[in-house]
Structure formats: C-alpha cells, structure tokens
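Chemist: Let me give you the structure first, and then I'll get to my questions.
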Amino acid sequence: MSSSGSPMTDQPENDIELSNEPTPAEIETPPAGTEEYFGAAFPAAQRYAEHLATTGIEWGLIGPREVDRLWTRHILNCAVVAEYIGENDVVGDVGSGAGLPGIPIALLRPEVKIVLIEPMERRVEWLNMVVDDLGLKNVRIVRARVEELVDEEMFTVVTARAVKAMTTLIEWTREVISPGGRILALKGASVEGELVKAKKLIKRYRLSQPQIHIVDGGGILEVPSRVVEIVKK
C-alpha cells in the first residue's frame, strides 16, 4: 500500500505499460542463483528491473548506462541488506529515489513494514506507480525529508544508499530511530574514511561502534556489498 499527495492513474493493478521496453539482451542477465535468492518474489523482481530500465530512465531516476548492470550493481547489491532485518522491524528507507534499497528488501521480506522516504515529487509519483504495479502491500511512501519526520515516524531500522556522508546520515536519522534501532547504510570503498570523520558524533550520541559487513548474497555477487551497521543504544 502506498500513500502520497500525488494522484494515481485509473490503470488496473499490474497492467502498466512499460514504454520503449529494452530487449532481454539489453537488460543484464541475473547472475546464477538470483531466482533461488528471491524465491517466489523473483517475477516481481524481474518486473522491477524492467521498470528501472524503462520508466526509471524516462523519469530520470536511473541513468541509461546502468541497464547492463541493473542486477549486480543495483537490485542484488541492495537486496542483501534484507539479511540484517528482523521480521518485526519497521524500516525507513531514506532518500529512496528509485526504491533502492527499499523495494528489493520489500520483495524479499513481505512480512516487514517498509516506508520509502523521498522528498522529490516526481520520484514519489514513480515510486507510487511501481509499488502499486508490484503489489507491495508492505510498503508505504512518504514525501518528506527524514529530518521532517521527527515526532511523526519511528523506525527500528533506517536504510540508505548513496545518501550523503555518514556524519550527515547520523544527524538526519538519529531522532527517528528507536532505542536499540539501527542504521544499515550501503557504502563504497571510502567508508572507512567516512567513519573516521563520524567518530565524534558516534560518541556524542552514544551509538555503537560501526560494523562493516561484507555481503555477497551467498556467492551471487562477484563484488560484495558493504553494509555499515550502527546501533542506537
């Protein structure tokens, strides 16, 4: 279920046309083991990949050069975060953009409540369209900046990908994370430097020492994801 101030079209669910749809040869072939990894959600994950490769490009949420690495660089890279989420968690996906990592997590974990937090209206409209098309009943969409949600929302997990440095992410999210809740941030090779700069904030706000998880989805990803985990005490 999704919500925002943007009106939806009258198209029936799961009947959205993907204009200029790439041929199968243009979209990256999912790596071996991907279907087993997603299980029953694999057809929806394929549909999501099609959205990213078509409407995602048309709406400016993803670059056309990303089509040939949609699975490895984007969908699977984000999906592995689900391995660190419990069945009772409430997840806030900060700066969700094209739904990464929120949508892959929602596909893998239909029992978990996911809130996609995105301030830009056009992106929110796209997210509404895609979430409705995929039938993700565990997803809600909020048009806002995460720091505007203090006193309105509370999460046990906050996820983020390519959203500012760790210092900024901590400042933005610390008041919407419940005690014992966690930040799970997908980061690149420079993450160690970011964490050095965040040391004072981590101590000031009584957060746990960061853990960096190197995750390959059971061998699916040749280039593993880096997931930074910080716990609010």
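In case you wondered, yes, glycine gets a Cβ from its N, Cα and C as well.
Unlike curated entries, TrEMBL annotations are predicted automatically.
Quantities reported herein were computed from a predicted structural model and do not represent experimental measurements.
Sequence annotations record features per position, and here TrEMBL assigns S-adenosyl-L-methionine binding site to GLY95, LEU100, VAL146, GLU147, ARG161. Per TrEMBL, compositional bias 'Polar residues' is recorded for 1-11. Annotation source TrEMBL lists compositional bias 'Low complexity' at 21-32. Here TrEMBL flags 1-32 as region 'Disordered'.
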Chemist: Taking the Cβ of GLU147 (S-adenosyl-L-methionine binding site) as centre, how many other Cβ atoms lie within 10 Å?
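Modeler: Its Cβ has 13 other Cβ atoms within 10 Å.
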Chemist: Per the record, S-adenosyl-L-methionine is bound by GLY95, LEU100, VAL146, GLU147, ARG161: how many Å separate the farthest pair of Cα atoms?
Modeler: 19
Chemist: Would you count the other C-beta atoms found within 10 angstroms of the C-beta of VAL146 (S-adenosyl-L-methionine binding site) for me?
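Modeler: Taking every protein chain into account, the count is 25.
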Chemist: Please work out which residue of GLY95, LEU100, ARG161 has the most C-beta neighbours within 10 angstroms of its C-beta, and give that one of the binding-site residues.
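Modeler: Selected residue: LEU100.
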